[in-house]
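Structure, as structure tokens:
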Amino acid sequence: MSSSAADPSAARLNSDVRQRHPTASAASEDVEDALLQQQKEADAAASRAKKTYGKTPDGTVFVVPTTHDMVTQLLDPREPKNLSDVAVLAIIALHFLAAYYLPWGVKRPLFAAIFMFWRLAYNVGIGYLLTIQSKYKLLVTWAKRWKLFENPATGKNPRPWLYNLLKKELETKIPQDYKFEEAPIEYNTWLTFRRVVDLILMCDFISYCLFAIVCAHKPDGEGFFVGFARWVVGITLVGFNLWVKLDAHRVVKDYAWYWGDFFYLIEQELTFDGVFELAPHPMYSIGYAGYYGISMMAASYDVLFISIIAHAAQFAFLVVVENPHIEKTYNPPQPRVRSESEAGSQLQEVASEYSVPSTSGRHNDNSPQPVHNLIGLKNLDFFRITDVAVVLLSAYLAVVTMVTPNTRFYQALFVLHALAWRVWYSFGLGVILTMQSEEKMFTRHFLKYGESLGEAWRQWKGIYHLSNCLCHASFIAACYKMYEFPAGGDNGWALLKHVVGLGLIALQVWTATSIYESLGEFGWFYGDFFFDSKRQLTYTSIYRFLNNPERVFGTAGLWGAALITWSRAIFLMALAGHFLTLAFLAYVEKPHMQKVYGRNLRDDAGVTKFIKRSLPPPVTEWQQSIDKVLDETKHFIDEFVEAARSRLATGSSTIVKDTSALFNKYPARLTISKISADLAGYDPKHYGLSLAGTPVVGTNEKATGKESPNARVLKDVKTQSFEYGAPIRVKWTAPAKHSKKDWIGLYMVTDNRSREVTEVPSLGRWVPTNPGEYDTTTDQGILVWDQPVEKKSEDTDLVEGEMIFEGDKLWWTQGVFEFRYHHGGGHHVMSISEPFEIQIPKFDDEHRGVDISAGSGEVGERAVEAALLPVIRNCLDRDPDIAPSNADERFGGHVERDGKYARRVVYAIRHMFGIDFAPAVVLADGNVRRLAWRICHAKEVLAPFSMSHTNGRTTPVDSKFSE
């Protein structure tokens, strides 16, 4: 027996101790469990924070799993491989085998063709797929229609083997956070699309490199240092290209690399740093520097030219495919402002431009802004003196250049002529702008003679535009005179100089275009020198990367021309032009910008910030010391110029004082004579169409008094007439067994000769009778379908439906139209509606009791507003986000994005009021009230030339002739 058993008290003590030990241990375990639980929750929260969430168009939110780039997936042995990887690698291997075994004479043209095939597959093939996905979600629609991702367990998938293959392929690549069955169909479609992209991109790059290898050679007579420099520059460009691609992929990940935003959006802020601060669209611009590096290493003009073609095709892909989608997705139109608190202070600045005498005497504070721009061929107007002067002087210069001989005298004369225009353009106009900035000299000159600020602004724009055009025209003429066709022994270098020179010229043209798109007409002509600008500085387009793009890129064309001509005189001209441009920026533009915008000016642009962050500390310190020396030098020059400013101002003041639809029909008519085999059993008498719309003209207005008495009698049959742009409802009737692919199209009555077969395409003006049968967004017009009709005959069961034609499905012109019911996706006509008319009623001021041409003031404007508002609402599709509900509300942002709305409005105004406006007028005015003011103002100006009784007569019959 133990001692504890013999001693009861000891036994109780031991028992208590044993009981207390488990209690303490349990408490400790609870604390540990709590800590572990907290750690797990923290880890889960951190994991959730690291995860990316996607959102489909229908609002489904899902976790976007981590994926890897195509090179890693294909070539990294640590990554799992699947059947599609094997297929891609096999096709790549075929390229290498062809490059190795084919005869030498066949390799070059064959690989050029292979590369162009893959490049077309990239830019045209992928571009087409992305376009239809962006506009219609067509890739996702195809996946739904083919039931690619429908679980076979439901019994609805006709191809279970394909489902299992896709499941295995995709889940092998994404082992975490991804289940094939649970992922949204948009994400699965994107993953499938990625595999096609991987094949095309890899083959595109491999075929290009093999073509370069096939074409590579050492030029005859090339020295060691030239060859060494060629390889160093080429390797540097390829390395730079590789860094651009890797850094771009680091920023945008696979989501943007594979155009994921065409399928779904990610719920996080998009940040663009690194290479995206260096250049616009770096993957398509500087991201192709490696092409030119490989061309240098290959020393082949064939590789260079095919690189230029491929690069140009990539820019076309960017403009046609990506930019429209980016605008639609990330830069949608701003919500329409439904009230205007600002009365139009900016309008008052230019109201004086409309200084036509008014008989009404009304106040024109809300007069609209002018929209007659100068820049661009589309704005060329031979009724404007500036444009006429530019064209005539340029033509004179071209004729003189062509007819004069290329002697040294004329060459020197043309160079001096170009230099004089360059000095006037930079120095002369710079002095005028400086005096305008400091003293408003240019404006004061016109005010002195009773002119307005608007007149001064117009005259300045004309002077600047004429000087700009003739400065460049005279430089081109000088280059023409100095150009000599390269000799036979210099063809190699001459070709390179021409290619690089043309590239520099294209760079300057692109820079000027980007500057104009960013600044607009106001900024291009230095409008803030003339008006008190209330605009905020926005660094968009090229200004996102550079503060002054003119400093380097703005004169690139001068150096390009110098390379092409290879003339010392043109090199000196380019140097002088570059120096004058830098001086203009430093002494004219920069001081004014600092005075007007002050601290709102940023110090460093995107490129500068990136370079400063990339420099090591010693280089940064050296750069700061150099900046200090340059600042001190600049201050010295500023003091020197300030001392001579009064003399320059006096001299320049003396100089200043003393000196416009494609065919509606398809080009080839298509007559379908073969009737569908399944047409048997369908009787056209069982089909019917009826219309409902907004009527516009009564039958009593059809009789004008010019007809015979019999023709004035009202007929039983009344032709329907609907408002221009108003939606039209179509009710159809068909047999219950009608084809689900039937469709109804809208046509002009005169477009089709046959009543049995439609001969012309519908051009998008059609709606199917049943949803889900076609791949585009035509289903949007369907309202009701396949509703049983009360049986009126015992032989056929009928159904009916209703659809609406609006927006782009309408004809935006006047005329007589009809609807046609077509069978089974073909063009065989089963029924034709009664013809109806689309008409724009003319504004009849005589019957309205106002005479807007005679200055009836606000009464006339209100009458015009009342007549114009419903028409404009129709033109803007009656969309509450675009169309105004009253005369003061501004038009929606879509009007500025899509020119079709403005063209509809000006067409309606031309037929309502007889006034022909440019579409830009609609954008400038922005609401019905200003448009009404402009219409009244135009009618007032044209009143003496009107043929109507109220607006005037062509012959002054009220006054007697002198005897």
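Glycine is treated like the rest: Cβ placed from N, Cα and C.
According to Swiss-Prot:
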{"type": "TOPO_DOM", "residues": "1-85", "note": "topological domain 'Lumenal'"}
{"type": "REGION", "residues": "1-32", "note": "region 'Disordered'"}
{"type": "TRANSMEM", "residues": "86-106", "note": "transmembrane segment"}
{"type": "TRANSMEM", "residues": "110-130", "note": "transmembrane segment"}
{"type": "TOPO_DOM", "residues": "131-195", "note": "topological domain 'Lumenal'"}
{"type": "TRANSMEM", "residues": "196-216", "note": "transmembrane segment"}
{"type": "TOPO_DOM", "residues": "217-223", "note": "topological domain 'Cytoplasmic'"}
{"type": "TRANSMEM", "residues": "224-244", "note": "transmembrane segment"}
{"type": "TOPO_DOM", "residues": "245-273", "note": "topological domain 'Lumenal'"}
{"type": "TRANSMEM", "residues": "274-294", "note": "transmembrane segment"}
{"type": "TOPO_DOM", "residues": "295-300", "note": "topological domain 'Cytoplasmic'"}
{"type": "TRANSMEM", "residues": "301-321", "note": "transmembrane segment"}
{"type": "TOPO_DOM", "residues": "322-384", "note": "topological domain 'Lumenal'"}
{"type": "TRANSMEM", "residues": "385-405", "note": "transmembrane segment"}
{"type": "TOPO_DOM", "residues": "406-412", "note": "topological domain 'Cytoplasmic'"}
{"type": "TRANSMEM", "residues": "413-433", "note": "transmembrane segment"}
{"type": "TOPO_DOM", "residues": "434-462", "note": "topological domain 'Lumenal'"}
{"type": "TRANSMEM", "residues": "463-483", "note": "transmembrane segment"}
{"type": "TOPO_DOM", "residues": "484-491", "note": "topological domain 'Cytoplasmic'"}
{"type": "TRANSMEM", "residues": "492-512", "note": "transmembrane segment"}
{"type": "TOPO_DOM", "residues": "513-568", "note": "topological domain 'Lumenal'"}
{"type": "TRANSMEM", "residues": "569-589", "note": "transmembrane segment"}
{"type": "TOPO_DOM", "residues": "590-963", "note": "topological domain 'Cytoplasmic'"}
Cβ contacts under 8 Å made by the transmembrane segment (385-405) with residues that lie 6+ beyond its boundaries: 374, 414, 461-462, 465-466, 469-470, 473-474, 477, 480-481
Cβ-based contact of the transmembrane segment (569-589) with the transmembrane segment (463-483), 3 or more pairs under 8 Å: yes
Averaged pLDDT, computed only over the residues in the topological domain 'Cytoplasmic' (484-491): 70
Helix, strand and coil residues within the topological domain 'Cytoplasmic' (295-300) as assigned by DSSP: 4 helix, 0 strand, 2 coil
Ranked first among 110-130, 196-216, 492-512 for CB pairs under 8 angstroms with the transmembrane segment (301-321): 110-130
The topological domain 'Lumenal' (513-568), counted residue by residue under DSSP: helix, strand, coil: 36 helix, 0 strand, 20 coil
Stretch with greatest number of CB pairs under 8 Å, the transmembrane segment (86-106) reference, 196-216, 274-294, 413-433, 492-512 candidates: 196-216
Close approaches to the topological domain 'Lumenal' (245-273) from elsewhere in its chain (Cβ under 8 angstroms; 6 or more beyond its ends): 52-57, 61, 64, 67-69, 130, 133-134, 139-140, 184, 186-187, 189-190, 193-194, 197, 282-283, 287, 322, 325, 329-330
Within-chain partners of the transmembrane segment (110-130) [C-beta distance under 8 Å, separation at least 6 from its ends]: 95, 98-99, 102, 139, 193, 196-197, 200-201, 203-204, 207-208, 210-211, 214, 259, 262, 302, 306, 309-310, 313-314, 316-317, 320-322, 325
Close approaches to the topological domain 'Cytoplasmic' (406-412) from elsewhere in its chain (Cβ under 8 angstroms; 6 or more beyond its ends): 478, 481-482, 569
DSSP residue counts for the topological domain 'Lumenal' (434-462), split into helix, strand and coil: 24 helix, 0 strand, 5 coil
